[in-house]
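Working notes for the structure below.
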Amino acid sequence: MGWALIFGSLGVVLSLTLAGRAAARYGSRPVILISTVLVGLFIPTVGLLTNVWIFSLSLFFWGFSLGFHDISLSSHGVGLEQKSNSKMLSTMHAMYSLGSIIGVGAGGVFAQFEVTPLHHLTFIGFLVILSSLVIRNSLLPADFDKSSVERKDRRKKRPAIIWVLGLLGVCAAIAEGTASDWGGVLARDTYDASPFVSSLPYALFSVLMVIGRLNGDRLSGRFGTRNILIIGGFIAGTGLATGMFIDNLFGVFFGWFCLGLGVSAVIPLLMSLAGDIVSERYEGTIAPSEAVAMVAGISYLAFLAAPPVIGFLSDAITLRLAILLPAALAIMMALGALVAPINTGKKSNT
């Protein structure tokens, strides 16, 4: 089962660069609509469960289409920001976080009434496909964010600043990956929490992710993206470290609270920055959608790597001390944002 689940992540990773190029060549609108339909079609196949290979391939194609969906939506959001001269990508990502919470709740309801995975996922797939019809007339035309980057220009070395933004994303993604997989384990195994209480650190983190992302655009517009990254990194890093040094169940909740609050808006703000920077400094060299895909891809790999890395460290130095790694990385992200040349012509990015 573990190897089968890897196929879903592999599909996402392999799709990201292709998704950025597709959005640049054809515009994000058609990529959004097509990938939304594909996501809806592949979701029910995950529920077939006839054998491990069909399950693995279903996860792969679902993940592959989901990667196109995520990148094209973020690229469209960056284009909308540039067209309207206002921040909105963090709010868009808040809807993703809110959808995750709703999905968990819905899954519990379906399980309670003994609905089969196939019927459950078929219903969800139908809703996803229906959403493509609902949003179709609200999306901007494909031409608004098509890129004129030539194939020969794409062979040029990618701007270093995009790699810098990707590394900042790595720090935030490792913190997110740690929060999603290890809060419950820490509460249960280190502090003997009950199964219900062990589920609460991640629930708290998820709620803070929604709240932080809903306010990320407004705060970025008021205080500047750089300052939000710096403050968020220090809140996440120092708060998580403090929670681990408190060394009790309250410390876990405090650390996860600070972690969710601090890193919530980081990834969408970095994607927004990537789009703005390449539009201002590297037009004709790299498309904004490709820059968004680079930042997303680097960050996603770190998100996948975080749980096993923390697991290996916990075997060597205990889980509580291992969690100081994402705390340190969050502080490094803040310091990186402090010195990195990420200013753009937009006041909200300074």
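Residue numbers in this text run from 1 along the chain shown.
Yeah, the Cβs are placed from backbone N, Cα and C, and that goes for glycine too.
Bear in mind that TrEMBL entries carry predicted annotations, made automatically and left uncurated.
Annotated in TrEMBL:
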type	residues	note
TRANSMEM	31-64	transmembrane segment
TRANSMEM	93-113	transmembrane segment
TRANSMEM	119-139	transmembrane segment
TRANSMEM	160-179	transmembrane segment
DOMAIN	161-350	domain 'Major facilitator superfamily (MFS) profile'
TRANSMEM	199-216	transmembrane segment
TRANSMEM	228-246	transmembrane segment
TRANSMEM	252-271	transmembrane segment
TRANSMEM	291-313	transmembrane segment
TRANSMEM	319-340	transmembrane segment
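Stretch with the largest number of CB pairs closer than 8 A to the transmembrane segment (160-179), among 119-139, 199-216, 228-246, 252-271, 291-313: 291-313. When Cβ-Cβ distances below 8 Å are used as the criterion, the transmembrane segment (119-139) is approached by residues 28-29, 32-33, 36-37, 39-44, 46-47, 76, 103, 106-107, 110 of the same chain, each at least six residues removed from its ends.
Highlighted: of the candidate stretches 31-64, 93-113, 199-216, 291-313, 199-216 has the greatest count of Cβ pairs under 8 Å to the transmembrane segment (252-271). In this chain, the transmembrane segment (228-246) lies out of contact with the transmembrane segment (291-313); the count of Cβ pairs under 8 Å, excluding pairs fewer than 6 apart in sequence, is fewer than 3. Residues 161, 164-165, 167-168, 170-172, 174-175, 178, 182, 185-186, 189-190, 226, 229-234, 236-238, 240-241, 244, 247, 255, 259, 262-263, 266, 306, 309-310, 313 of the same chain lie 6 or more positions beyond the ends of the transmembrane segment (319-340) yet place their CB under 8 Å from a CB of it. Between the transmembrane segment (93-113) and the transmembrane segment (31-64), fewer than three CB pairs separated by 6 or more residues in sequence fall under 8 Å, so the two stretches do not touch.
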